[in-house]
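Student: Sharing the feature lines straight out of Swiss-Prot:
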TOPO_DOM  1-7  topological domain 'Cytoplasmic'
TRANSMEM  8-28  transmembrane segment
TOPO_DOM  29-140  topological domain 'Periplasmic'
BINDING   H121, Y125  heme binding site
Amino acid sequence: MKRKHKRLLFVLASFCAAGCALLFILSELRESVSFFYTTSELLSGPQRESNLPVRVGGMVVKGSIARSTDSISFDLTDFKTELNVVYSGMLPPLFGEGVGAVVKGRLLHGKFVADEVLAKHDEKYMPKKYTAPKSSPEPK
């Protein structure tokens with residue numbers, strides 16, 4: 001085989017290997033992308049009939065949080081449609097009425113059974129242990 005043909009074969013093999021690696025990386029990233037549906041999209045789309053886990057985001061409706069001995073239920077809204085969510089587990093500290101939340105789970109018999117609840121916050125949020133006290137005396 002001539003040197004020119006060996007070089008061409010090496011370049012083609014390199015491109016094939018790089019393409020396979022890129023395809024593998026993109027397929028793995030696609031599964032870990034963290035998007036969510038709105039309540040309207042979930043209830044009107046094909047995800048409604050699916051038994052696969054999905055993420056749904058919205059605002060927790062004020063006055064909708066109801067705690068029982070083993071679970072908590074609340075309504076999520078995108079200000080068009082409300083979705084009843086049932087969750088058993090520890091809620092995040094920022095969770096509350098009127099707060100944005102993303103839930104991951106399945107829609108079963110008109111209720112969304114959540115496996116995970118995430119509370120959303122704005123870009124200015126700082127944990128209390130990292131914020132400075134408001135009434136600190138100024139140095140003289």
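Each Cβ is built from the backbone N, Cα and C atoms, and glycine gets one as well.
Quick caveat, the model's predicted, so the values are computed rather than measured.
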Student: Count the other Cβ atoms sitting within 10 Å of the Cβ of H121 (heme binding site), across every protein chain shown.
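Tutor: If we count other Cβ atoms within 10 Å of H121 (heme binding site), we arrive at 12.
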Student: Looking only at the topological domain 'Cytoplasmic' (1-7), how are its residues distributed among DSSP helix, strand and coil?
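Tutor: Helix, strand, coil within the topological domain 'Cytoplasmic' (1-7): 5 helix, 0 strand, 2 coil.
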Student: For H121 (heme binding site), what is the secondary structure by DSSP, using just helix, strand and coil?
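Tutor: Reduced to three states, the DSSP call for H121 (heme binding site) is coil.
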